[in-house]
Each structure stands twice: as structure tokens, then as C-alpha cells.
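Novice: Sharing a structure with you now.
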Ligand SMILES: Cc1cc2nc3c(=O)[nH]c(=O)nc-3n(C[C@H](O)[C@H](O)[C@H](O)COP(=O)(O)O)c2cc1C
């Protein structure tokens, strides 16, 4: 919620000021070159900061007896004013130590004059100045709201400068450059606002002149100016201007306008006749001018120019981001009430909508009625048969702004008919709570009586086309509508097919219709237990996926034979030595965990397939517990000897079996319920739970684990799902 307040303020402020901000930034960049071009003039003497008035004033007065005034400008050029020996007007830059003339001051360049007027007042005098002042203030508010957004994005001030997860170009550089130019932009905005307030006298700058008590002026003891304390202690770098005495009478005195005060000095004795310290407002005005114009430092002027150029980039990238968000507003061909397919999206920056649009368009093309909207528009969908949720995760594993109300709406609206659902999470492993909100949505849906899982929850890391296509394949397999991958994602998604040779064909089909089949692969094929094998029984778009277990260097599949099933009948028909074309799909999230202190494997039926390979891969003998459910003892027997050999080798701590149609008639969830303490401990110490098998088993186990997590660990199950401690691969 708060993220949207800052975001809307940031956007509203940007929209209301972008025209004037563009103008002020462009003119600001140009004006930054004025101090730079001035600084390269050869009128500043070396070691200027060390020169005292005692060293310079006697020389200057001797060389120019009719000098009336001396000024030191922001570039530290010393300019004298008076008349020369011939009585001619003298206005020149001089070397304060020698009195040598270095050049003569020039009028401000006409071009810079014109740009300055445009920058300050838009040629509209006070009205223009007001709008420019207002723009500076709005820029200040934009930087405040922008800073808040970065703090939220980075999850706290401490992580302000830590790595940024890369989104799209505009998004990424908006944040990266925003962080680096924050300080100069705040300074530009703050000083611009301050100078406008001074200009409109909303901040007063009272400046009193030094008042001299003429009766107290002494004319002795006379001192050599080079020996006067005030001359010795005052550096040229502190001077703004000096008015010289008009004559040699004691009543005529020096007036030093220094950076912080004004003093009157007796020219004969060196007495300080009066001293006035400038009020803070005057000091701040001077500082603001220096900082806003860069007149005191060429380096700072360049920083200001770069910061102003960044403001232009922010205007462009800010609008690019907004455009992307707005362009995702969908116009639906079919209403929510009449649609069979409902696609709901949780997205902050719009990329998830891109994926959703692709699915939506393909369903429409296939002649289906599909409705696409955001998760916050969840309601009753009377004709819905399929719900697809695609959602990103933000903040601390939270919902995106357009999905924040989903949980409450789900409670409120029950679907009147059974609806199949499938959840696809979008996230990034750069964040600790990977796709947490998607897991939460999936867990919430699984508790609804009307909701029937169609696929396991899938996740997409950093918009990976491979991850997306994995979900698309699993979904298509269930629905029988081919979802071809977006053309722009296609190149990455299309992989080479492998030729595999059947090593052991399905010799016998057991009573319950389960069989095993193994394939020999080429030597260098990189495949691990938990990866998926995609087969194409009819050599067309129809693909079937099976979980792989690597046993004795072979790909071993466990398959349930469905009467008339496309994939299972095809595999069942294959004979030893036959070759097939298939694709190995990497399924990294379901590999045997490399660093877990303890592992729990939970399966039912053919879901045991990847675990058969994984136990063999447990070379470090990580404590590993297996909970597997079957219909009857005979289904287990085909895996028993392999599992017991691994147990004897110390790669499995225990094998817990549940038979649903024999003996105690138990489900795998009953075994887990009994070992709730053990499961809680394993999660607490960073162990990993892997679940493979049917979606209905997964639903029961997840529900049970939610209770175990809450009571034994204090975290919700989605915490462990998003931290990769609970991994599922169900179908
Ligand atoms: C500020 C911010 C916070 C994020 N937080 C998470 C997070 O906690 N977990 C996660 O998996 N991804 C996180 N992400 C990554 C996004 O979920 C991911 O980039 C997603 O694809 C963006 O989708 P969208 O463009 O539709 O909003 C975050 C991204 C950003 C910019």
C-alpha cells in the first residue's frame, strides 16, 4: 500500500513539472559551462589561498594610488577599480602580489545572458521566476518520494547502495542513476527553492553596514600596513571586496567585506573600527548561489551538468516505465461472466502482463473465450473452467500493488462450479523470498473447495523463457491446447532433441498399471535426477513430460499406464534397442540439494522416480528420509531392493511406506503427521523437503505442512517454499 502512495506521488509530481523541469535541466546543463569556461582564463594566481592582505594591499596601494575598490570573484580573480597614473579609469584583473595587470573583465557573454534569463524567469519576469521556483520545489519533492521508493525497493536504508535486481533498461537505470545523482539533485532543488524564497523576500536577508564611531578614531600610533594584525590575519580567499580609504585622513578607513562579516579598519593604526557579522540567511544565500551555479568550482559545475542530464534521463525513463504499465491495460473481447478461461495477473511493472497477454491471445486464437484482468479484480466467474494466475512478488515477499486485495476477495467470492487452477510465479533469485506471493496464492487456492489443481505451482526466475516454457508445456499437456512460446522467447526455448536408446523396455505391466523404462544416453549428455524428459509420441506439437531418475547412468522413468494415454501407451510399446527423439529439460529447482544438512523426500506412486536416482547421488551421505505412498505392497516391490541397497550404503536413513489400499490403508501424509517434530526440526535447521507425485497428494501434504510450519517453526509454509526449502514437482 505504502509503495503505491509514494509511487503515485512520484508520478503526479513528475507529470506536473516535467515541461519546466526539462527546460530548466537543458538550460542548467548549458549554464554549467559558464563557470567552467571562466575558470580556464589565466587570471587566478598560484597559491591564492595562502596570500594575506598584509602581503598584497601595500603593493597594490603603492602601484595604484587611486585604487578605490577591489573585488575577489567566485573564480578567485582579483579585480581592481580606480584610476591610473594618467587619471584614466582603471578596471582590471591583477596579480595581488605584484600588482601586474593580467587582463580586463568582460561583460557576460550574450548567449549565457540569454540562457540565464530563460533559466531564471522564462523571460516572464516575476511570474516566470515564481514558476521556476515552484519547479525547484517540486523537484525536491520528487527526490524525496524517489528516495522513499528506492528505500522500499532495497528493503531498508542500510541496503540503499546494495545490488539492484535488473529489470528492464529504463527501470534499472532509473534506480541506478537515481541513487548516484541523488545528492547533487537534492542540492540543486534545495538551493533553487531557497534562492526563490529569498528572491520573493519570503526569507529576509537583512545586511547591516559597519557603523563607525568617528569620535573614537585614533590617528596614532601609526603602523606599517604590513605589520597590522588584521592585515596579517586576513587571507585574500576570505575577501569578497575591499573599499579603499578615499584620502589619507584617519577618518577615511578601509571597509572589508569578507565571506562572513564586514569590518571597518583604521588605515593608520590598523584598529578595527566596527564589525558586523552577516546573518545566517545571507551566508546561506551565498552558499546556495555557489552550489546552484557551480561558480566556485569547475568540478562541481561539471557534477551539476551531469546531474541535470540525469534529470532529463529520469524524465524519459520515468515515462517509459509508466507507458509500459499503462499499455498493459487490457481490452477484453469477452466479458468475465461469459469466459471459460480466466487469467489473473499480479504485476507491478508490467512484464508479467506481457506473458499473460501471450497466453490470452493464443487462447482467443484457438477459439476459446478468455478474460484477462488483474488479481484485484477477482470475483465470481460463472462460466469459468480454468483459472490461470500469473503473479510477481515484491517488497518482503509481498503482493504487487494490483494483487494486494486478492486474499480477501478469494475469501469473499466462492466459485459456484469446480474450476481448475494453475499458478505461475514471477520473481528473482536476487531476492530472498523467491516468488513467495505466488506460493501463497497457490496455497490459498488449494484450500478452496471449488478449486482443482491443474498443474503444480511453477516459478519463473528473471523472466526466463525456459522457466516459462516449462509451465506452458505442463499446462498444455493437461488442457490439450498448444501454447506456443512467445516468438521473442522462442529462440531460447527451443532446444535440440536427443536420440535415446531404450535399454530396458517395459517388460511387464503390473496389476496397478505401473511400469519402469530406462534409456541409454550419449556420454556427455548433462542430465540429473529431477530433470524432465519431454517425449513427442506423434511427432507433432503434443509433448509429454516425465520426471527423470538417473540410476546406473541410465535415464529411468516410472510410468503409470493410462488406457488410451498418449505418452504412457507410447512408452509402453517401445522395445529394447529402439531409438526415440526426446528433449531433456533442466529442472534445477528439483535437483538433489547440494548444501542441505538434511533432506526429506516425499512421493506417491510414480513420483518416486526422481528420488530413485537422487538417493544414489547422495555421495556425502547427507541424512535423507524417504516417505513414499503406493496403492499396495506390490507397487513398492519394484523399487524395494534399489532403495534398501542405498539404505545399507548409508545414503538413506529410513524408508517410510504407506499403502492406501492394503493393511492400515494409510496415505503418505499420515506418515508425515506422525513425524511432525522431525519435519519441524529439519526445516528449522535449513533442511530441504522435496515432494513429487500427484497434485492431490501435494495438496494434502502442503496443508499438513502449513500446520507443522506454524506450530513448530513459527513461519508460514510460503517462507520455506520461497527459500527453496520446500520444493515440489507434482502433476
Ligand atoms: C522492488 C522489487 C522487489 C522485488 N521483490 C521480489 C521478491 O521479494 N521476491 C521475488 O521473487 N522477486 C522480487 N522481485 C522481482 C520481480 O518479482 C520480478 O522482476 C518480476 O518479473 C517483475 O514482474 P512485473 O514487471 O510484472 O512487476 C522484486 C523486484 C523489484 C523491482
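Cβ atoms are placed via backbone N, Cα and C, with glycine included.
Heads up, TrEMBL stuff is auto-annotated, nobody curated it.
Copied straight from TrEMBL:
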- 341-480: domain 'Flavodoxin-like' (DOMAIN)
- 495-593: domain 'FAD-binding FR-type' (DOMAIN)
- 12-33: transmembrane segment (TRANSMEM)
- 130-151: transmembrane segment (TRANSMEM)
- 172-197: transmembrane segment (TRANSMEM)
- 298-323: transmembrane segment (TRANSMEM)
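Provide an account of the burial state, proximal residues and distances for the features listed.
Specialist: On the 0 to 100 pLDDT scale, the domain 'Flavodoxin-like' (341-480) averages 93 in the predicted structure.
Residues of the same chain lying 6 or more positions beyond the ends of the transmembrane segment (12-33) and with a Cβ under 8 Å from any Cβ of it are 112, 115-116, 118-119, 122, 131-132, 134-136, 138-139, 141-142, 145, 188, 293-294, 301-302, 304-305, 308-309, 311-312, 314-315, 318-319.
Non-local neighbours of the transmembrane segment (130-151) in the same chain are 3, 6-7, 9-10, 13-14, 16-17, 20-21, 24, 119-122, 124, 157, 160, 175, 178-179, 182, 185-186, 188-190, 192-193, 195-197, 199-200, 311; each lies 6+ residues outside the stretch with a CB under 8 Å from one of its CB atoms.
Beyond its flanks by at least six residues, the transmembrane segment (172-197) meets 28, 129-130, 132-137, 139-140, 142-143, 146-147, 150, 153, 160-161, 164, 166, 203, 284-285, 287-289, 291-292, 303-304, 306-308, 310-311, 313-314, 317-318, 321 of its own chain at Cβ-Cβ distances under 8 Å.
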